[in-house]
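A short worksheet on the structure shown next.
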Amino acid sequence: MEVIDIITAKHSFTALNDSVVSYFVPNRKKLYLCDSCLCFFSSPQFLERHLYECTNIFWIPGNEIYRDESRSLCVFEVDGRNIQSFLFLRRLGILTRFFLPEKVTLDDVHFFAFFVLCEVDDSGYHFVGYFSKEFRRNVNCINTLSCVMVLPPYRAKGYGTFLGELSYEIARRESMIGTPERPLSLSGKNLFRKVWQREVVRAITDLENRGYYISVNTICKCSGLIAEDVLVALQDLGIMFSVGKQGPLIVLDDAIKQRYARKALHSEFLQWVPS
């Protein structure tokens, strides 16, 4: 694989070009990306001309489900079964292959919903990242998401954590206890260990405030995490167990609560219900 530069109107970053991507985009050392519709161009002049007429600058082919005015963020749910979204999702798949070639195929978007995160300013929507989630065919499907990706210029802003938390908030609204699709990449493992810690701390705090008995089982029900992920989070947090009459009791230090008090996702801004 060769390293190439990807340049948008606001950012530039490097990526790895593979044979599949080369089939769909110009074979150049530099590519120019419209971060609204995700089209690639071979020169800055072509990109500049396109930006004057791009129909996606203020329109993403999906339903807006989240907006945080204070952070200028919004999330769209894009249905892979909708013919209107096909081109956008094909381009999204091509873009993702620059970073996660082992996780993405380009011909199966109809099996998934895509939750697309954008920053918003006066010039329109700017793609930040997304996660995909397979449509649940039965109750045995426990994948909270299939693939998650954030573009390099935005990775220091906590958007990966935001998308991870969003995936669990959606799972809870489906009354689902689940986990990300395996295998996880190294970056995926690092991301979700952080997300699991945050979700477990919030679940324990919520259970304490409501006067419920705290156990791995009740944490699973409150957080939407499977037991395996809860145990990983408890170990990473160094949370102590003590044995009482009702079995193991989980003791959460106030310093840990304070550390995870700040939310990446504000659930009150999420306008989403299961279909």
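Glycine too: its Cβ is placed from the backbone N, Cα and C atoms.
Model, not experiment: these values are computed from the prediction.
TrEMBL annotations:
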type	residues	note
DOMAIN	1-274	domain 'MYST-type HAT'
ACT_SITE	Glu181	active site, proton donor/acceptor
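Just so you know, the Cβ of Glu181 (active site, proton donor/acceptor) picks up 19 other Cβ atoms within 10 Å once every protein chain is counted. Predicted-model confidence for the domain 'MYST-type HAT' (1-274) is 90, expressed as mean pLDDT.
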